[in-house]
Amino acid sequence: MMPILTTLTALPVLGAAVAILSGQRAKLVATAFALAALAGSLWVWFSVGANGTNGQMMLVERSTWVADLGIEYHLGVDGLGALMVLLSAIVTLMAIAASKRIPTQPGLYFALILLLESGLFGTFTALNFFHWFLFWELSLIPAFFLIKLWGGSRRGPAATQFFVYTMVGSVALLLSFLALFVATGGMDFEMLARFAATGELHRLIEARLGHVEMILALGVLLGFAVKVPLMPFHTWLPDTYAEAPTAVTMLLTGAMSKMGVYGLLRLALPIFGRELFAIRTPLLALAVLTVVAGAWAAVVQKDLKRIFAYSSVNHLGYCLLALFAVLLPAAGDPASTLSHAAALDGVVLQMFNHGLTAAAIFWFLAMLESRSGGTLALDAFGGLRKPAPVLCGLMGIALFSSLGLPGLNGFVSEFLIFRGVFPLAWPAATVSVLGLLITAAVILTVIQRVFTGPVNERFQSMPDLSTAERVMVAPALLLMLLLGLVPQLILGTVNPTVVHWIAGWRF
């Protein structure tokens with residue numbers, strides 16, 4: 001059988017090599033390889049959906065890599081991994097489509113986007129820390145150069161800040177897992193999770209390293225908290241999102257931010273659940289802060305990219321709220337297990353929904369930016385529904401999805417999160433409702449200021465979306481509607497994975 005995950009991960013690398021030699025045809029080449037990667041990711045998704053009813057790893061590829069160090073080449077996906085691979089493929093294709101004018105080195109630009117896609121695929125499929133970390137870093141390097149070379153006027157400081165913050169988190173991750181390797185002799189995620197569930201990991205760490213479990217847990221937590229980001233580790237994000245090319249921002253918010261939540265689900269909770277349980281209250285407080293302060297920070301922004309940068313912090317804060325809430329109740333309580341399942345289903349669905357919706361919103365911002373001479377200042381627009389009714393109408397679907405309107409995908413995942421969190425941590429859930437209200441105010445303000453009112457003279461003849469542009473964005477919008485009405489299309493595959501987690505995790 002063909003190693004589909006290896007092939008899928010290598011495909012964008014091949015595309016990058018071709019794109020960098022293609023000059024002005026680089027976008028066409030990148031689009032072709034991104035479409036092929038999307039087809040492969042759909043194959044992975046439907047394979048897991050058809051066969052992954054027990055929630056365990058599927059499409060596993062495993063072989064010895066460095067025998068003396070216990071390092072294996074180990075790939076596999078469950079419902080979470082398959083969904084994140086699919087999301088990465090969708091967002092990459094949308095980002096390529098949104099990249100309209102690349103004045104310098106288009107071959108390098110599209111090659112870096114494809115390398116970033118490969119890093120994402122590897123991060124979401126690797127099951128051994130050694131090559132998982134290689135993919136984790138592979139995604140960082142292309143993102144840095146995309147910001148540094150094609151970003152806005154302050155791209156240099158923004159790229160440096162992004163790199164430094166992320167590298168600090170990466171170093172913390174690396175040191176923690178090197179310590180785990182010293183203690184256990186292995187880096188395989190499934191092995192470490194089994195050791196943690198039986199208490200063997202705790203015994204090995206204490207025997208060989210001393211009482212450092214909490215230090216290692218905090219190192220892992222820091223690495224993922226920076227990536228999401230969890231407040232107060234978010235200060236790199238506004239400048240990075242604002243200065244990055246809008247298409248690159250789509251990748252940052254639509255896919256790369258999910259790496260942090262994925263890491264918490266795949267590594268932090270299964271391996272360091274007991275340690276995180278001990279600090280559950282401050283973690284919940286930080287999650288609530290991320291939800292509410294992220295939404296409030298969006299209120300005072302004057303640039304559309306910054307508004308939706310902080311909105312992303314808010315939306316991913318709901319994932320963190322649910323993840324830290326599931327640490328609270330004792331295992332074995334049926335009501336608790338149901339709340340666990342609802343919260344974790346909501347987290348995984350929110351990861352996909354936010355990635356899809358945020359990427360679509362930034363796609364529309366790229367369309368506005370290309371039509372407005374490069375400005376995305378909130379005050380620059382007004383009355384755009386008159387010259388560009390289709391653009392405003394379709395963008396409105398994405399905005400209402402972000403708001404959480406019933407009937408659209410954003411509502412379902414947020415409902416599941418709050419359905420799970422309220423029985424587990426009702427004070428945190430109650431305060432976090434403020435985030436929903438503030439987000440609604442932000443979205444409605446954007447709609448009012450950009451779509452309605454008198455038309456700015458500069459934009460009276462703004463062109464509406466072309467037929468090709470409508471075709472580009474239509475699948476994402478249709479998927480928002482479909483998942484809002486039939487969320488079981490994703491939950492049917494994700495829920496067995498969630499049930500498998502709950503049965504195996506020990507806090």
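Heads up, the Cβ atoms here are built off N, Cα and C, so glycines get one too.
Unlike curated records, TrEMBL annotations are generated automatically.
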Which range of 19-37, 247-265 is transmembrane segment, per TrEMBL:
247-265
Are there residues at least 6 beyond the ends of the transmembrane segment (471-491) whose Cβ is under 8 Å from a Cβ of it, and what are they?
83, 90, 94, 97, 345, 348-349, 352-353, 356-357, 359-360, 363-364, 394, 397-398, 401, 406-413, 465
For the transmembrane segment (428-451) against the transmembrane segment (277-300), do we get 3 or more Cβ-Cβ pairs below 8 Å once near-sequence pairs (under 6 apart) are dropped?
yes
